[in-house]
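Asker: Pulled from TrEMBL, these are the listed features:
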- GLU171, ARG217, HIS329, ARG372: L-aspartate binding site (BINDING)
- ARG217, ASP218, GLU219, GLN226, GLU365, GLY417, LEU418, ASP419, ARG420: ATP binding site (BINDING)
- 141-438: domain 'Aminoacyl-transfer RNA synthetases class-II family profile' (DOMAIN)
- 195-198: region 'Aspartate' (REGION)
Amino acid sequence: MQRIYIKDLKEHIGKEVTIKGWVDTVRHQGKMAFFDFRDTTGKIQGVVFGKPEVLEKTKEMRDEFVVEVSGIVNERPEKSRTEAQNGSIELEVTNIEVLNKAETPVFDTKEDTRKISEEVRLKNRYLDLRSERMQKNLINRHKVIKFIRDFLDKENFIEVETPMLTKSTPEGARDYLVPSRLYPGRFFALPQSPQQYKQLLMASGVEKYFQIARCMRDEDMRGDRQPEFTQLDMEMAFVKEEDVLQLNEKLLIEIVEKLYPEKRIQQVPFPRITYKESMEKHGNDRPDIREDKEDKNLLAFCWVVDFPFFEKTANSDDPQAKGEWTFTHNPFSLAKTEDIEKLKNGEEIGSITAAQYDIALNGSEIGGGSIRAHDPEILKSILGILGHSEEKIEENFGHMLKALGSGTPPHGGIAWGLDRLLTILQGEESIREVIAFPKTREARDLLMEAPAEVSSEQLNELGITIKKDSKK
């Protein structure tokens, strides 16, 4: 008999059906047994009576057993009905088969698992994800990503996958390095972002690109961060800053209206404030401008614009000294029109404003981007201000300079932190609640017990020797 999902049982009243799923609860009362069965679509009460052979089978069953259940869908008596999803019907069980047994769970997945130690939850994540809240988080994550894909498809974007094995270049955070067996002493790097590849796509004639991108950064763990995370990454040719902001604002508004109708956006269009104003008024560049911070359904989006391009990294008194600056966003950005000549000439470095923008939501930065430097000479100037020698510029970024010099159009883009956005939309406190298999604050995977040692044979094959820390 064909399987029927629990959510569709109301369409089969009076008929015999087969469902498959888990035992949510079981209660034996004399010659009867009452079950709550669940699958990914919902729950249904099942009743066993008048069938001794079936009742006998149920005596060994416990919560979380995986079962195949056949039975007749009946309407419940008026006085027994509830407001639950299937509170007006029940399944009169005619047969039940155990597809897999389950040990007693280490915690009750029917309760809010946030009450459980996070270490215990992450060690047993496959149980944690069965809880109703975590299932909802995963399903809504899927819905948001699908909505984004459909929206951008209608806007004539194409989704392009960029490499996961790439070159290590100085872009800010520390890279995760992957040794090459075929080329001893050489390494790939896992991408911190698809930044260079998406710009190379602009050079390739792809005018509107996006990707749901996996990114890795080997950072010291602090706050609510993950060593690997997911971005909505996009880039567009022949655009100005206003084009990027308007498109992303439209997408965010539609996500909220279509998928989170209970939420309310405080102000549309989203307010825009300068970096200087944000720092002076709020003390940070991700302001929380909610009028009522106790309202869990209030969403206060805000654009922060006009970032300084560079910030000092040394205590030199020379404001023109090259090599004593770092970038505030990334080195591939363009300056505001009025500051482009300063950028080209390396003059008044501290006063250069970048064509960069962030999007903040309820006090969290959920995205950021810029209009890019599509002229190779400007990119050279930027890298020179950062202290890179001509030799290093060619070694690390020669491929970019060559591509930009091949007829690359003006372009710009943005990347959203999808995990952080979803955390806020789902009303969660931590991004680990919206990621299926997250790492701990210490960047460990407790379920897979990673990172882990590897065999000496594997190390020898890669030509790697582990250096002992003499301090330990």
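Cβ coordinates are placed from backbone N, Cα and C, and glycine is handled just like the others.
Heads up, TrEMBL stuff is auto-annotated, nobody curated it.
These figures come from a predicted structure and were not determined experimentally.
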Asker: 10 Å Cβ neighbour count around ARG217 (L-aspartate binding site)?
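Answerer: Taking every protein chain into account, the count is 19.
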Asker: Sort out the sequence-distant neighbours of LEU418 (ATP binding site) for me: same chain, 6+ apart, CB within less than 8 Å of its CB, listed by position.
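Answerer: Set apart from LEU418 (ATP binding site) by at least 6 residues yet with Cβ under 8 Å, we have ARG141, VAL144, ILE145, ILE212, PHE229, THR230, GLN231, LEU232.
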Asker: Neighbour count, 10 Å Cβ-Cβ cut-off, for HIS329 (L-aspartate binding site): what number do you get?
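Answerer: Within a 10 Å radius of the Cβ of HIS329 (L-aspartate binding site) lie 18 other Cβ atoms.
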Asker: How many whole Å apart are the CA atoms of ARG420 (ATP binding site) and ARG217 (L-aspartate binding site)?
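Answerer: If we compare the Cα positions of ARG420 (ATP binding site) and ARG217 (L-aspartate binding site), the gap is 16 Å.
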Asker: Across the domain 'Aminoacyl-transfer RNA synthetases class-II family profile' (141-438), what is the average pLDDT of the model, as a whole number?
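Answerer: When the pLDDT values over the domain 'Aminoacyl-transfer RNA synthetases class-II family profile' (141-438) are averaged, the result is 94.
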Asker: Of the residues named as ATP binders, ARG217, ASP218, GLU219, GLN226, GLU365, GLY417, LEU418, ASP419, ARG420, how far apart in Å are the Cα atoms of the most distant pair?
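Answerer: This binding site's residues have a maximal Cα-Cα distance of 20 Å.
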Asker: Please give me the CB contact count at 10 A for ARG372 (L-aspartate binding site), counting all chains in the structure.
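Answerer: Its Cβ shell of radius 10 Å holds 24 other Cβ atoms.
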Asker: 10 Å Cβ neighbour count around ARG420 (ATP binding site)?
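Answerer: So the Cβ neighbour count for ARG420 (ATP binding site) comes to 21.
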Asker: Quick one: what's DSSP say for ARG372 (L-aspartate binding site), helix, strand or coil?
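Answerer: DSSP call for ARG372 (L-aspartate binding site): strand.
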Asker: Between the Cα atoms of GLU365 (ATP binding site) and ARG217 (L-aspartate binding site), find the distance and write it as a whole number of Å.
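Answerer: That comes out at 17 Å between the alpha carbons.
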Asker: So which one is it: of the binding-site residues GLU219, GLU365, which has the fewest other Cβ atoms within 10 Å?
Answerer: GLU219
